[in-house]
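As recorded in TrEMBL:
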- 1258-1275: compositional bias 'Basic and acidic residues' (COMPBIAS)
- 1276-1287: compositional bias 'Basic residues' (COMPBIAS)
- 1288-1299: compositional bias 'Basic and acidic residues' (COMPBIAS)
- 1301-1310: compositional bias 'Low complexity' (COMPBIAS)
- 15-56: domain 'JmjN' (DOMAIN)
- 80-170: domain 'ARID' (DOMAIN)
- 237-287: domain 'PHD-type' (DOMAIN)
- 381-547: domain 'JmjC' (DOMAIN)
- 1319-1373: domain 'PHD-type' (DOMAIN)
- 1258-1313: region 'Disordered' (REGION)
Amino acid sequence: MTHSRPNEFIPPPECPVFEPSWEEFADPFGFINKIRPIAENTGICKIRPPPGWQPPFACDVDRLHFTPRIQRLNELEAQTRVKLNFLDQIAKFWELQGCTLKIPHAERKTLDLYVLYKLVKEEGGFDVVCKERKWTQIALKMGFAPGKAVGSHLRAHYERILYPYYLFQTGNSQKPTLTNDTKDKEYKPHDLLQRQSVQPVETCTIARRAKRTKVKDRYRMHSFMPKFLLFSSQVEQYICLVCEGGGDEDRLLLCDGCDDSYHTFCLIPPLHDVPKGDWRCPKCLAQECGKPPVAFGFEQASRDYTLRTFGDMADSFKSDYFNMPVHMVPTELVEKEFWRLVSTIEEDVTVEYGADIASKDFGSGFPVKNGTFKVSPEEEDYLSSGWNLNNMPVLDASVLTHVTADICGMKLPWLYVGMCFSSFCWHIEDHWSYSINYLHWGEPKTWYGAPGYAAEQLENVMKSLAPELFESQPDLLHQLVTIMNPNVLMEHGVPIYRTNQCAGEFVITFPRAYHSGFNQGFNFAEAVNFCTADWMPLGRQCVEHYRSLNRYCVFSHDEMTCNIATKADSLELELASAVQKDMCAMILEEKMLREKVYKLGVWHSHQVDYDLLPDEERQCAKCRTTCYLSAITCPCSPDQLVCLHHIEDLCSCPARSYTLNYKYTLAELKPLFQALTARAESYEDWASKVNKILKELRSLVVEAEKKSYPETDLLSHLRQVIQNADRCTSMAQQLLNGKRQTRYRSGGGKSQNQLTVEELRSFVNQLYDLPCTIRQAPFLKALLNRVEQFQQQSSDLLAEDMPGSSALQSLLDEGAGMDVELPQLAVLRQRLEQARWVEAVQEASDQPADLSLDCMRRLIDQGVGLTPHACVERTMARLQELLTVCEHWEEKAHNMLTARPRHSIETLEAAIQEVDSIPAYLPSCLQLKDCVNRAKEWIMEADALQAGGRIPGLAALSELVSRARSVPVMLEPLSRLESLISEVQAWKESAAKTFLLRNSSHSLLEVLCPRCENGPQKSKSKKAKDVSVPCKKVEVKLDSLFDVEKALSTSKDTVSAMATLSEVHQKELESLSMLRTSNESKFQSSPSCLAPTVCLCHTVPAGPMLQCELCRDAYHSGCVPGFKDIQIGLPWLCPLCKRSEKPPLDKVLPLLASLQRIRVRLPEGDALRYVIERTVRWQHKVQLVSPTQNPNGKVSLIFLNIVKLGTELEELLVEGLLMQVTLPELQQLYSSLLNRFSPSQHSLQSSEHDHQYHIRLEKNSKRRLEKENMEGQHRDKIKKPKKKKPKMNKERRREEKRTTSPSNSLSDLSYSDDSEEDWSVCSAKQCQQPEGNEVNWVQCDGSCNQWFHQICVGVSAEQAENEDYICVSCAINDLTE
């Protein structure tokens, strides 16, 4: 954007910096009064405390939390905010007409539309500028270089964007010229959405015409022309408000704001292009744009911060913004960048400022008496220091002491937590008071100030440069939300000064001095107000100013003046004089106002104690001034009152019905004023009388010299009296002045104004010896009596062995208030230090839980520097003895904790009994006691773990042993438990060697437990029948080995562990069933005829293949490692199913026996026990299926009813293959099944291996059992003819036959959807048991689905192939039904 002023910020001159000495620093108001003539000319000044003055930071950091204010920098500056508000109005004007404002560019810079609008307006308007050809001049005023024809571009932009708005503001109308589809690349959207009250339309619709009319037919003329409507007969009721005609219905346009109708050609000028979006008529447009703007103010942040989180955010922001560490960014760079950001609308930088945080809620940064922060003895002076911001507003010389209310920010300090660019805007303090700001720590704070005499000049400049802001907010400068560039103010003649306030420095602002500034980075400051006697006339002037602005007062100035007047006798002379003058003006004004009220006819009066009413209940309804001396009320509105200045604004009732409410009568105010006058004028009267007497005496001396009287004794005596009177007058004035200036100082030393006691006594005697009477002589005599009484009390107190610190402090304060040199003060200070130390030792001894070694050492170090005293020596001896004993036991306890070998519990308990009698905090001894308690608890747990013959679990045992190693005590059961764990580890290694394969990736528990991997979704397949142990439902999930191990480790006994394993085994069977079904379905034909993916390599079947007896998946023989070593006649398992060595049962049983001898439960042991129980149950099932035995004692498997036992035998085989133990019954079961079901299947094997086969891809439309002849050998295979069945029944039968068929690892898998080979028993009642090629089968198409020999039921092969067959049983059932 182009600027009429230079962009580079020029820092204003520096304000004065003062560095007081310790003596000057001791009296804050005295020093401020001293520098006031210099500092008030700049409005602000900086004070550096003497070196070494560093108060501790006492704020409770952990409790402090606050919600900061959000500050958008370009909204703070007055002129920038005016431009932003103007752009908002322009954007709103166009958006209400359905167009989007886009800010154009000129000479590759964003065009300042506000400056262009103001310049054209100042030159007489658009028509005048065009007529007189002033566009080039306007371009030059906006900062564009000459000779580049920028003026023509400015005219085009003004005519297009601003001229319609200008005509609208002046009461005319103008056709909109902006459209939403402008392709001008020089324009950019007005990106100020968060400031606009009307948001832009994202998906614009055409201008509305008749919302209440249902219109179906429309036609589109042009993309920027209206979509005119074909109205129905109902539209005839709408008429144009301009021509009052209802014709040309297709040209009627409805306003989206008020539904008024207008012809497009009746608008001035006629509307040809309809903007996309809602349309407003001229009346609604004027109403929307004429709404008053919302008052500007800061928003609160959405989150709450602590000091730490706010500091992290602030440092991160500054380092990221300047791309360097925060401490390396120059203050000059931050200052120039700040004023650049607040003056641009193109960059929107937002910061946060924790301002006006009440110190009473979280504590001041300075230490306070009776606060939570405890100060060390050497830091106690900061508690009462006048520069402590908690004390300054309430010092004796401060006027605010007499304001009864605790006003946050004025009498109670406010805290400020700043970050980079966070700012405080131009403002003056409430009631034009002084303010003082102390920066506790952090990065600097940059200040700008203007002197008090330039306050009105600054206000006028800001109002003239940004009048739009003050029109809507007349009290804008009281809101602390507006800043203006100091360079701009200086250009208009306002004197501005600056300074950088660093940590540990004060900044003071003087009455009515405007000031502002910003923070260079993360910092913490504290500020408060104060008022001195010189402020009194300014305070009354401020109240009059507030009354003219209708602004409320923070406190009542009249109330404060009256409160001070009630304490006239104790006031300092300067304050009494200032208050007397202020009260004189107050009484004169009140008298004049009451006379005015009486003249208006107000005769009713009522006395009211306004001290008891809150401020908000006694505010003037007109000017909001807090009433105190008087107010006017009316019975028609008893809750409302006005001050005497605004009696005409109360109500419409006659004045005779009003009531004058008053606090004091004028007669009651007179004694207060007289007391003030007496106090203020007493010194002046006395001084004038003394001067008059001295003047008369001097005149006698002059007369004697003129008349040349001889030097007689009388003349010498007269001269001596004059000298003594002069000296007494000077000394009395010195005492009176010194009483106000000298106080007890932390630095000590004698003030140059102090007198000794003898000098004071001599001076009093001289006063009474003078031949004249001096009014102050009795006061000085009383002072001498107080001094002598103080000396006597000091002697009595110092005679005690060790007096209390409170009594010493009280006496010291009394002595310090006397402006006399008292030798007892030094002794009292020494004794006070001794008493405080002795009391600190006694307080620490009374709380042995807090008396640590460091505390004792610190107390001893503090006591070493004290003046010798018997009580101090005794206390020091006891403290050193206690420290010696404590150090000895701390070292002894530490050695016991680290001793090797470790000590027994008895030894440690004996040591603890001796330590318990020591009144101190000993960490090592407490740790020793804790170790003994932990050791006792451990022994009890160890005993309970094996009590009553219990068998502990390995997890509990390991956890117990692990805990024991962290207890530095000798534990007798530990070695026994460690040996048990060693035996368990040895057992696990032996079991792992027995079960685990070489280089196996499985753990021992993973091999012994049933597989618990999550398979596919739960199937409705039949559950395994061999689970004889009832499975108790476990609430926890058992989806992984980790879950199973956790369940076994937490199980209470072996029974619950077996139940858990049974549940896992059940899931294993279900998952395996689904896996087998899935793998077998691979070889069924599918409509896509795609080959299945098999093997470890995930490719299609090819060449010799192996099929796993367990998972039923196929593998290439070349992909299986060591496939040539597979034994013929034994079931083959794939690498994924073979998880262990499967040792014989006789090798497994000794492992279980050895574990039972160890008597420790572990998950692997429970799993082994379950393996053996499963094995025994499986053997029993096999015996139940075939109980006959051979003569040699071995079980002989003979199956009589194959169909009935098909499913059960397959489940037995699958379960036997899942077991991780080798059993001869499994081999016999597998061989018997192999020989029984496929005696000639061996002819299918290739010469390479017994388990190899070839997969043939073949499709067949009929169900049948095929005959195959491989290598010339004859096979007699039962063939069942295939019949056409409904799809549902066919799939169901296929599933049933798959589950009931025996192992088909040696069969030829045909990749066909209709392949269903099965061996069953004929269901005919009289089966002929045919053999050879004549064995053909047929299946019943009724409800039983049973198989029959064709020859047994009399069905030919052709009939079985082409016709449905219903058995006798199904036919009878059909007839019965």
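From the backbone N, Cα and C atoms, a Cβ is placed for every residue, glycine too.
Nobody curates TrEMBL annotations by hand; they come from automatic prediction.
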Remark   = Among 15-56, 80-170, 1319-1373, the stretch with the most Cβ pairs under 8 Å to the domain 'JmjC' (381-547) is 15-56
Ask   = For the domain 'PHD-type' (1319-1373), what does DSSP give as the number of helix, strand and coil residues?
value = 19 helix, 7 strand, 29 coil
Residue distribution over DSSP helix, strand and coil in the domain 'JmjN' (15-56) = 16 helix, 6 strand, 20 coil
Request  = Tell me the residue counts in helix, strand and coil for the domain 'ARID' (80-170), as DSSP assigns them.
outcome  = 60 helix, 6 strand, 25 coil
Task = Could you pull the average pLDDT for the domain 'JmjN' (15-56)?
result = 92
